[in-house]
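Enquirer: The [2Fe-2S] cluster binding site feature in Swiss-Prot is assigned to C212, C223, C226, C228; the stated evidence is sequence analysis. The annotation [4Fe-4S] cluster binding site is assigned in Swiss-Prot to C273, C276, C284, C287. Taken from Swiss-Prot, the feature compositional bias 'Pro residues' applies to 167-177. According to Swiss-Prot, the feature region 'Disordered' maps to 1-30, 165-184. What Swiss-Prot lists as region 'N-terminal SAM-like domain' is 24-154. What Swiss-Prot records for 155-202 is region 'Linker'. Among the features that Swiss-Prot reports, region 'Fe-S binding site A' is placed at 212-228. The region 'Fe-S binding site B' annotation in Swiss-Prot covers 273-287, and the record cites sequence analysis as its basis. Annotated motif 'Cx2C motif 1' per Swiss-Prot: 273-276, in sequence order. Annotated motif 'Cx2C motif 2' per Swiss-Prot: 284-287, in sequence order.
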Amino acid sequence: MAPSFVSIDTTPDFDMTPTSSKSADSGKRTLLLAPPSIATQEDKLRTLFTTYDRSTTDLQMLDRVSAGFVSLPANTYDLVLVLTGTDGTRRSEALQLLKREVYAAVVPAMKGGAKLQTEDNFFGEAEDREAVLAGLVKKETGFEKMDVGNGAAVPLRLGRKKKAAPAPAPVVQPPPIISSDDNDLNDDELIDEDTLLSADDLKRPIVPPPECQPKAGKRRRACKDCTCGLAAQIEAEDRERREAADKSLNVMKLESDDLNELDFTVQGKTGSCGNCALGDAFRCDGCPFIGLPAFKPGQEVQILNDVAQL
């Protein structure tokens with residue numbers, strides 16, 4: 001079977017010579033996008049080409065453009081007009097076919113700054129969205145393709161930053177040498193602290209500040225860095241109490257020899273009078289054994305329930 005070839009028709013669907021047309025600029029071309037129903041209305045077509053110059057105007061059917069049967073030349077048209085009828089009679093049919101495939105074929109065929117419009121200047125929300133996604137810009141009467149073809153690349157000449165000169169290294173100064181010979185200090189310049197207070201100042205009682213006063217139920221304490229004299233006063237009072245306690249202990253303190261004199265349980269030791277073990281008749285008035293029976297020297301004496309046990 002011989003292979004089949006598919007050819008794409010790039011010629012306009014209609015080639016009618018208008019009886020009269022408006023004068024148009026030969027440099028500008030117009031693309032008319034018509035719904036399929038207009039092909040059956042010959043009077044509409046004749047009226048259409050009396051308005052637009054056929055030499056600068058191309059007519060294509062929306063269904064053929066949407067199906068990809070028509071290949072449009074790139075960057076050719078200054079105006080793309082969708083034939084919806086001036087009164088909107090064919091709006092529903094035309095906008096129903098104005099889909100993304102139509103925008104994909106029409107937008108590349110538009111020149112920079114070309115316009116996309118309808119006869120009644122109406123676009124639905126879906127058509128607006130598809131036009132913006134295709135790269136067109138919303139205008140008052142339709143959409144416009146931005147003219148970016150005349151742009152030229154302009155090199156940016158950025159001034160190079162001048163390299164800052166390195167900061168000079170700081171000069172390290174040797175540390176100053178401190179010598180005792182430089183200090184010409186005399187004893188005459190020193191002040192004796194004791195001479196700053198008079199005799200009356202020394203007699204005055206030390207009054208601690210209110211914050212140093214002890215709280216109720218608590219012992220008076222001085223601060224660690226006390227400068228009001230409270231710490232010295234408390235230390236002096238504690239020292240006096242210790243000295244008084246030591247004196248009271250020294251009154252009752254006995255030497256080892258004194259203990260041996262009174263300890264009659266030690267063999268060979270007797271009292272100063274030597275008669276403590278003989279009985280009350282032979283004991284002194286201050287003898288600690290008064291009231292006890294006679295016992296042998298060295299015999300152990302125990303006190304049980306305030307009763308001497310021999």
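One is the number of the first residue shown, and numbering goes on along the chain from there.
Cβ atoms here come from the backbone N, Cα and C positions, even for glycine.
Quick caveat, the model's predicted, so the values are computed rather than measured.
In terms of burial and nearby residues, how do these features look in this structure?
Expert: Around the Cβ of C212 ([2Fe-2S] cluster binding site), the same chain contributes R220, A222, C223, C226, C228, L230, each under 8 angstroms and 6 or more positions distant in sequence.
In three-state terms derived from DSSP, C273 ([4Fe-4S] cluster binding site) belongs to neither a helical nor a strand segment and is classed as coil.
The average per-residue pLDDT of the prediction over the region 'Linker' (155-202) is 72, rounded to a whole number.
Long-range neighbours of the region 'Fe-S binding site A' (212-228) within the same chain, counting only residues 6 or more positions beyond its ends whose Cβ lies under 8 Å from a Cβ of the stretch, are 206, 234.
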Enquirer: Count the Cβ atoms, other than its own, that fall within 10 Å of the Cβ of C276 ([4Fe-4S] cluster binding site), considering every protein chain shown.
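Expert: Other Cβ atoms found within 10 Å: 23.
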Enquirer: So if I draw a 10 Å sphere around the Cβ of C287 ([4Fe-4S] cluster binding site), how many other Cβ atoms end up inside it?
Expert: 17
Enquirer: When the region 'Fe-S binding site A' (212-228) is classified with DSSP, how many of its residues are helical, how many are strand and how many are coil?
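Expert: Each residue of the region 'Fe-S binding site A' (212-228) counted once, the result is 1 helix, 0 strand, 16 coil.
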Enquirer: Counting only residues 6+ away in sequence within the same chain, which have a CB under 8 Å from the CB of C284 ([4Fe-4S] cluster binding site)?
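Expert: Expected: C273, N275.
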